[in-house]
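*Asks:* Input: one structure, supplied below.
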Amino acid sequence: MKHLKAFDEAQNDIKAVQKRLSTSSTILSGIQKNMAHLNLLQIGVLSLIAVGSVFAGNPCLKGPPVPKNAAECCVTPFLVEPSAFMTCHSKWIGQTKRQMAMEGIPRGCCVAECVMNSTSLYSNGKIDREALTKLYLASTKSMAPEWNKITLDAIDGCFKMADTIKDEIEAGAKLTPAFEGEQICHPISGTILACMGMTLFAECPAKLFTVNDDCNKLKSYHSKCPFL
């Protein structure tokens, strides 16, 4: 499948994004109380973003358990073409790796912000939800009809989740450069993209999911860990 090799390279850098998305366990408690109406999958997404690498046993830190791209298991709706994502990944992954060793408030994911900027979805700490919805739904037109509702529900859940941790997101946006040339990116882009990727993959209709050991392992892994 086209671009699978490029995506495999991106998955190898998953540790960097875990650092960007991690926050504190106290925030997780508040999120879960306020988001009781969300399904278990969405709570799992909240757990990742709110706890991140706080716990030594975080299953996300080692990356995917198998050398297989998720698109080989289930092709999900997408925001941008793989080539656009890889352009952003190539530009920013060097900085992201350097940020991995930094402590304190999680820094925003510039790969994700670059993706949002490539479609003019990001501006001033805000994501254009209406435009984002149109792009995701446009990608579902040639896909199974079930994806339409799944995508809309995912968008709704992810934006609600982001709203519950807005204080932490804003704190990350107010950081100053820690090393020469560091670009400070707003955490909102990474938060939304991570949530969408995890949710869509987890909700892949059974008839569209390739059932084998590797894909089952990826599904379990990505129920806890993002793709970016």
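A Cβ is built for glycine as well, from the same backbone N, Cα and C atoms used for every other residue.
Annotation source Swiss-Prot lists disulfide bond at Cys60-Cys225, Cys73-Cys215, Cys74-Cys204, Cys88-Cys114, Cys110-Cys185, Cys158-Cys195. Per Swiss-Prot, N-linked glycosylation site is recorded for Asn117, and the stated evidence type is sequence analysis.
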*Asks:* So, in DSSP terms, is Cys195 (disulfide bond) helix, strand, or coil?
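*Replies:* DSSP assigns Cys195 (disulfide bond) to helix.
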*Asks:* Do me a favour and check the Cα-Cα span between Cys195 (disulfide bond) and Cys215 (disulfide bond); whole Å is fine.
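*Replies:* So the Cα of Cys215 (disulfide bond) lies 19 Å away from that of Cys195 (disulfide bond).
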*Asks:* Measure from the Cβ of Cys110 (disulfide bond) and count the other Cβ atoms within 10 Å, all protein chains considered.
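*Replies:* The answer is 24 other Cβ atoms.
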*Asks:* Within 10 Å of Cys114 (disulfide bond) by C-alpha distance: pick out those among the disulfide-bonded residues Cys73, Cys74, Cys158, Cys185, Cys215, Cys225, and say none if nothing qualifies.
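*Replies:* Of everything listed, what lies within 10 Å of Cys114 (disulfide bond) (Cα to Cα) is Cys185.
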*Asks:* Pop the Cα-Cα gap between Cys215 (disulfide bond) and Asn117 (N-linked glycosylation site) into the table, whole Å please.
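*Replies:* Per the Cα atoms, Asn117 (N-linked glycosylation site) and Cys215 (disulfide bond) stand 31 Å apart.
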*Asks:* Given a separation of at least six residues and a C-beta threshold under 8 Å, show me what packs close to Cys88 (disulfide bond) in the same chain.
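*Replies:* The list for Cys88 (disulfide bond) reads Cys110, Val111, Ala112, Cys114, Val115, Ser118, given in order along the sequence.
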